[in-house]
Amino acid sequence: METSPLELPADRVQRIAAELQCHPGDEQVALRLDKEDELRHFREHFYIPKMKDLPPIDLSLVNKDDDAIYFLGHSLGLQPKMVKTYLEEELDKWAKMGGYGHDVGKRPWIIGDESIVGLMKDIVGASEKEIALMNALTVNLHLLLLSFFKPTPKRYKILLEAKAFCSDHYAIESQIQLRGLDVEKSMRIIKPREGEEILRLEDILDIIEKEGDSIAVILFSGVHFYTGQLFNIPAITKAGQAKGCFVGFDLAHAVGNVELHLHDWGVDFACWCSYKYLNSGAGGIAGAFIHEKHANTVKPALVGWFGHELSTRFQMDNKLQLIPGVNGFRISNPPILLVCSLHASLEIFEQASIKALRRKSILLTGYLEHLIKLYCHRREAERRGPTVTIITPSRIEERGCQLTLAFSRPKKDVFEELEKRGVVCDKREPHGIRVAPVPLYNSFHDVHKFVNLLTSVLDTA
Ligand SMILES: *Cc1c(COP(=O)(O)O)cnc(C)c1O
């Protein structure tokens with residue numbers, strides 16, 4: 001799906017260590033990797049939380065003025081420094097001219113969403129007309145399913161992965177109930193093989209091949225929220241469509257994390273939130289995609305005035321002129337304050353480019369994996385056994401920046417010890433800790449510090 005960089009992360013680390021004549025686990029290697037990182041200055045575009053401001057911090061264990069090690073970008077991205085400025089621009093406009101703000105300025109409120117949607121094109125790989133910024137993620141998922149899930153007596157299933165994010169699971173369950181269907185029969189969940197955590201592509205394709213004729217919609221996540229597995233979006237799309245299914249993706253953990261080419265892959269529909277890797281702040285405005293091939297055939301089930309063509313919208317004659325494609329799915333006028341925070345972040349993506357970010361991300365997460373493996377080898381050599389397992393696939397094509405780690409001691413203890421030392425990450429059932437070094441604002445030094453803290457926590461156990 002993506003071309004691998006010429007040099008694998010582990011090889012790069014070994015080469016630098018040889019050059020510096022040091023151990024690959026030494027801090028010097030991290031500092032050299034940062035020095036060679038052409039994207040490192042993007043960190044300055046963000047507020048990085050300080051140790052002293054974190055609620056669970058133990059001040060006896062840290063330097064209070066140091067930056068925290070923020071590895072929680074998979075859950076809530078950090079704040080771009082320009083957010084406040086952009087919010088103030090719109091607040092000022094509102095204060096000074098009230099309703100005239102709808103039509104003037106950098107982001108006329110009536111087209112607030114449209115004024116920034118172009119910045120989303122490269123991130124998801126779609127044309128402007130195929131993207132709408134609106135609502136929140138689960139709401140968009142519902143709106144899309146209302147149009148794409150059209151069950152018939154023969155084709156009545158929705159296919160999804162096991163342990164899908166609960167909101168998606170509930171959305172699918174309730175969509176099935178809304179059609180008066182039996183959830184047991186219509187919700188087709190693919191589980192990993194016994195004893196495995198990662199779904200194998202061959203198993204997914206096998207089910208599509210065998211049951212495709214009874215599947216109406218395939219809805220997968222792009223990157224699984226728990227395991228961090230990046231699914232093969234083009235392969236699943238192709239297989240599903242060959243069987244006559246609509247194929248959609250929830251890109252919550254994929255957008256701004258991995259390269260996406262929704263248009264070229266022919267994906268039917270997709271949706272995503274913007275507060276994770278896209279740094280728009282909690283509850284930020286979400287996105288939706290419908291492929292151009294459906295522009296005149298797939299219509300919204302629920303319509304509001306912002307789905308009406310702009311040129312005649314304000315004639316208010318109640319004769320609907322529906323915008324073709326996903327923009328006809330917009331129901332209400334856009335929340336301008338949410339547009340502002342997303343705008344600040346998308347401008348940074350535009351400067352950095354998702355391609356370059358992904359290249360750094362492969363190296364950054366590869367470095368994290370490499371350091372963890374060095375630690376495991378040391379434990380094995382000391383006959384104390386490895387204590388860390390990486391649940392996330394090790395193939396670059398099968399993951400984004402997140403690694404999910406499991407331990408041979410209770411994750412709650414490890415997590416709490418890390419929290420006290422200024423590592424911001426999270427724990428998820430059944431046994432994982434999720435850490436996501438984000439290429440926009442995390443450094444190789446962050447990764448090095450994290451692994452040092454993790455190993456000292458594990459060694460003292
Ligand atoms: C984060 C996330 C959500 C959250 O849904 P909201 O509607 O934004 O609250 C839903 N689904 C997935 C897969 C997620 O990762």
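A Cβ is built for glycine as well, from the same backbone N, Cα and C atoms used for every other residue.
Because TrEMBL annotations are produced automatically, they should be read as predictions rather than curated entries.
According to TrEMBL, the pyridoxal 5'-phosphate binding site annotation covers LEU137, THR138, SER221, ASP250, HIS253, TYR275, TRP305, ASN333. A simple way to gauge crowding: the CB of ASN333 (pyridoxal 5'-phosphate binding site) has 15 other CB atoms within 10 angstroms, across all the protein chains here.
According to its DSSP assignment, LYS276 (N6-(pyridoxal phosphate)lysine) is coil. Listed in sequence order, the residues of the same chain lying 6 or more apart from LYS276 (N6-(pyridoxal phosphate)lysine) and placing their CB within less than 8 Å of its CB are GLY73, HIS74, SER75, LEU76, GLY77, ALA252, HIS253, VAL255, GLY256, ASN257. Taken from TrEMBL, the feature N6-(pyridoxal phosphate)lysine covers LYS276.
In this structure, the binding-site residues under consideration are LEU137, SER221, HIS253, TRP305, and the one with the smallest number of other Cβ atoms within 10 Å of its Cβ is TRP305. Fewest Cβ neighbours within 10 Å among the binding-site residues THR138, ASP250, TYR275: this applies to THR138. Summarising the pyridoxal 5'-phosphate site geometry, the residues cited as binding it (LEU137, THR138, SER221, ASP250, HIS253, TYR275, TRP305, ASN333) extend over a maximum Cα to Cα distance of 31 Å. Close contacts with ligand 1, defined as a Cβ under 6 Å from any of its atoms, occur at none of the binding-site residues TYR275, TRP305, ASN333.
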